[in-house]
Amino acid sequence: MVACDLLWLAAASCLLTLVFPSTTHQGYGNPRNTSNVDLDCGAPGSSSAGICFDPCQNHTVLNDPSRSTENTVSSEECDSHLRGWYRFVGDGGVKMPETCVNVYRCHTYAPMWLSGSHPILGDGIVNRTACANWNENCCFWSSEVQVKACLGESGEYHVYKLQGTPECSLRYCTDPSTAPKKCEIACRPEEECVFQNNSWTCVCRQDLNVSDTLSLQPLLDCGANEIKVKLDKCLLGGLGFKEDIITYLNDRNCRGTMKDEPNNWVSTTSPVVANDCGNILENNGTQAIYRNTLSLATDFIIRDFLVNVNFQCAYPLDMNVSLQTALQPIVSSLNVDVGGAGEFTVTMALFQDQSYTHPYEGSKVLLPVENILYVGALLNRGDTSRFKLLLTNCYATPSGDRNDIVKYFIIRNRCPNQRDSTINVEENGVSSESRFSVQMFMFAGNYDLVFLHCEVYLCDSTTEQCQPSCSTSRLRSSEPAIDLTRVLDIGPITKKSVQNPDTSNGTPRNTGFLLAWPTFFLPVFLAWLF
């Protein structure tokens, strides 16, 4: 027994027993060698022979991620200077690898690994061989090391007594799978953080068992053209679903499989179109709400296991949705064929206010006196990202004949009639929608009705200037040549008599526009005024 220094071992009652190693481990198949040494003491016969210490408390920390076996950067780094007790920490790993490491890893030429298993708590200091891989020999060089398992505040760790390296460039490696768990995002309760494919990531727990389908709450991405429904892949696995999940919407013809998404989610999509795939569209006055049900099955043949997930997306009410949800909107539609670009559908409707979300309904529009009429048109089929809707000419006639010689132009040659201060063109030639408003009127003479007609043009924004530039000279241009095959017609619009306030056919649902009608009209003058 070696004498113990009183300053070091008073509390331990000098119960130290040293068993010096007598076995040299060759190759990389050595068995566990437990020496039951807890403290490291100076070499016998040296001046420090009586000085002993616990390497768990006295060591040098090495925090160097480049030691990771996943580091393939070649370098001449060498550990010939490392002598003493060391602890590996950091993202590169906290333990030496226990299997052969490929050459040119760990930021060196010949990487060193631990031949044998690591000790566990209570084993004390054990002897191992560190091997360096080179020249197709996993233990071309070797060096004796000592290892001890320690217990700290953060858990178990290991310390290593290194004796430099037999040659350069050799370096001690670390196993990145032993690095502290460091997933970039917090794992959900149904996940666990593991080292996989050379990085830390959240994966589904293998022991997950889910019985409550209510926990399967979808994440929704309410896009402009489609609704993406995302479900937790881990929870689906806990319910018994495998990789291939068959999906159905309300319309059983809309079926497919879930697609993988990042972070253990799977998804499917539904179009944002009324009635498509069984979509149910509701209008609550301020929002358009699309509802559907996603059904999940494990196979195309269903016997006893089907999960239904209800979902809905709410959108701000717009012109298109308001027309889809109106019972009997007053609209006019036209199919326009653009060579090489397909067929487009243009729709025009009359609206009650500047929100363009409350269309007039019925067979005709019966207006209060001096009401402002709001006219909206939109492309609802075709490539709206490329083509913009442009109203080239909009005019009123006292008859339903779009070629009536009596015309009052509201928009002429793409520009508003600036002699009529009530005309306001809010949008034209800049998107898939066009909007304008005008204070309504009646033609003088024996005319009780007003009809609106608009010539439309689909402007290719990639080759044309679509937004009108309205100069004074252009406003005074000659009579436009109108392509009657591209004209939308809407009407009739008639004056609502003050003496007949109960008339409801075609009136807006929200009344309260009681102004004064113009009292002087001259049809011929109006026809040539602009």
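Glycine is no exception: its Cβ is also placed from the backbone N, Cα and C atoms.
Among Cys459, Cys466, Cys470, the cysteine that Swiss-Prot records as disulfide-bonded to Cys415 is Cys470.
The disulfide bond recorded by Swiss-Prot for Cys313 joins it to Cys222 [selected from Cys202, Cys204, Cys222]. When the candidates Cys187, Cys204 are compared with Swiss-Prot, only one is recorded as disulfide-bonded to Cys202, and it is Cys187. In Swiss-Prot, the region 'Flexible ZP-N/ZP-C linker' annotation falls on 315-338 of the listed ranges 3-26, 315-338, 507-530. Residues 484-492 are the range that Swiss-Prot records as region 'External hydrophobic patch (EHP)', among 97-105, 133-141, 178-186, 484-492. Partner cysteine of Cys454, as given in Swiss-Prot, is Cys394 (from among Cys394, Cys459, Cys466, disulfide bond).
Within the same chain, residues 68, 70, 90-94, 229-239, 263-265, 272, 294, 307, 309, 311, 313-315 sit at least 6 positions outside the domain 'EGF-like' (179-223) and bring their C-beta atoms closer than 8 Å to a C-beta of that stretch.
DSSP assigns Cys277 (disulfide bond) to a helical segment in the three-state reduction. The local packing around Cys222 (disulfide bond), expressed as other Cβ atoms within 10 Å of its Cβ over all shown chains, amounts to 14. Across the structure, Cys78 (disulfide bond) and Cys202 (disulfide bond) place their CA atoms 35 angstrom apart. For Cys138 (disulfide bond), the recorded positions whose C-alpha atoms fall inside a 10 Å radius of its own C-alpha are Cys131, out of Asn58, Cys131, Cys222, Cys313.
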